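Notes to accompany the following structure.
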Amino acid sequence: MKTQYRIAVLPGDGIGPEVMREAYKILKILKNNFLLSFEIEEFNVGGIAIDQEGLALPKKTLLGCEKSDAILFGSVGGKKWDNFPIEERPERAALLPLRKHFNLFANLRPAKIYSELKHLSPLRSNIVRDGFDILCIRELTGGIYFGQPSGRRLEKNNIEYAFDTEIYYDYEINRIAHLAFQLAQSRSHKVCSIDKSNVLNSSILWKEIVQKVSKNYPDVDLSHLYIDNAIMQIIKNPNQFDVLLCPNLFGDIISDECAIITGSIGMLPSASLNEKKFGLYEPAGGSAPDIAGKNIANPIAQILSLSMLVRYGMNLKDIADKIDKSVLSVLKKGYRTADISNNNNYLKTNEMGDVIANALISGE
């Protein structure tokens, strides 16, 4: 096990720098109180990088990430850069190249409802009464978003058409399936694979390989759902699911659905991993430029993203559990930021960071 870690910190735009400051408080505690040894180096990314260095992903930033064991990412984008050509906007010109460069093929999106925040869910109270804790695993580098040929054409009779190609290679499905089963072993030992194998050849291959991989994990129960049924079942009874294994397009849809039924995207972290478990860890929400600089953003998603880095990037489950426990502790005590408060008595961004940090120090 590594004893020295290097973390590249990329705060980015909008609320990114604000919530990242609260993650720094947790990093300081990990170093001083838990005696973890790591080096932290901060780099520009996104719109601020365009403004200061001319590129959304400067070479210096990419090189710094290459020398690191993990990337802790904030958020990118904002109205200032919305009139740029789409390929040059921070969201496209920073995050997608990072995913491609490091071959981050697996996106992990936890969707958990806390008992203290059940009232925020758009689902009926009897559905969320028992809570839910779903881990959506989305294949991130294959499928219809990357398949070729893809384009638009104009026929001689002036009829325009567009086309995309859904392609999956066996090795792409194999590696994401193994990861899903391995993660399920540390949870509730259930994997539900999402496909459309009654129509799509790519889904038939997906289902066949997932079934084959499942034989290596006899302690994990495997089920299959068509994407249309899965979307309905998540609304009807989310508590029946543990790990959802999804192709790229279906995972894009499912992970957002799982996020919205929790009631606040400001609570949700994510991780994108490659085969060596190198990862990029970031909040599931965006840069929220409308509230940037107001000190009202919820830092919990950024702190929980750091927890995922500790869990998967450092393989320190016990310490990650303590970070998660500190977040739960402050919620149980009634501390809220504006987005999860039902009144005007809420904490500022820095105040929420402080109470979580104090809970981590005290072991609450």
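Note that Cβ sites are derived from N, Cα and C of the backbone, with glycine treated the same way.
Per Swiss-Prot, these features apply:
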BINDING   78-91, 286-298  NAD(+) binding site
BINDING   Arg99, Arg109, Arg138, Asp228  substrate binding site
SITE      Tyr145  site 'Important for catalysis'
SITE      Lys196  site 'Important for catalysis'
BINDING   Asp228, Asp252, Asp256  Mg(2+) binding site
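Structure coloured by features recorded in Swiss-Prot.
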residue: Gly78; record: NAD(+) binding site; DSSP (3 states): coil
residue: Pro90; record: NAD(+) binding site; DSSP (3 states): helix
residue: Arg99; record: substrate binding site; DSSP (3 states): helix
residue: Arg109; record: substrate binding site; DSSP (3 states): strand
residue: Tyr145; record: site 'Important for catalysis'; DSSP (3 states): helix
residue: Lys196; record: site 'Important for catalysis'; DSSP (3 states): coil
residue: Ala288; record: NAD(+) binding site; DSSP (3 states): coil
residue: Ile296; record: NAD(+) binding site; DSSP (3 states): coil
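Note: the CA-CA distance between Pro90 (NAD(+) binding site) and Asp228 (substrate binding site) rounds to 32 Å. Comparing Asp228 (substrate binding site) with Ala292 (NAD(+) binding site), their Cα atoms are 37 Å apart once rounded. Excluding Asp228, Asp252, Asp256 themselves, the residues of that chain whose CB lies within 8 A of the CB mean position for the Mg(2+) site are, in sequence, Ile227, Ile231, Leu249, Phe250, Gly251, Ile253, Ile254, Ser255, Glu257.
Cα to Cα, Arg109 (substrate binding site) and Asp82 (NAD(+) binding site) are separated by 26 Å. Packing around Arg99 (substrate binding site) is summarised by its Cβ count: 17 other Cβ atoms lie within 10 angstroms of its Cβ, all protein chains included. Listed binding-site residues: Ile86, Ala288, Ala292, Ile296. The one with the lowest count of other Cβ atoms within 10 Å of its Cβ is Ile86. Around the Cβ of Asp256 (Mg(2+) binding site), a 10 Å sphere holds 15 further Cβ atoms from the protein chains shown.
Spatially close to Gly78 (NAD(+) binding site) yet at least six residues away along the chain are Asp13, Gly14, Gly47, Pro90, Ser287, Pro289, Ala292, judged by Cβ distances under 8 angstroms. Taking the C-alpha atom of Asp252 (Mg(2+) binding site) as reference, the shortest distance to any of the binding-site residues Ile86, Arg99, Ala288 belongs to Arg99. Within the same chain, residues at least 6 positions away in sequence whose Cβ sits under 8 Å from that of Asp82 (NAD(+) binding site) are Arg89.
Closest in space to Ile296 (NAD(+) binding site), of the recorded positions given as Arg99, Tyr145, Lys196, Asp256, is Asp256, taking the CA atom of each residue.
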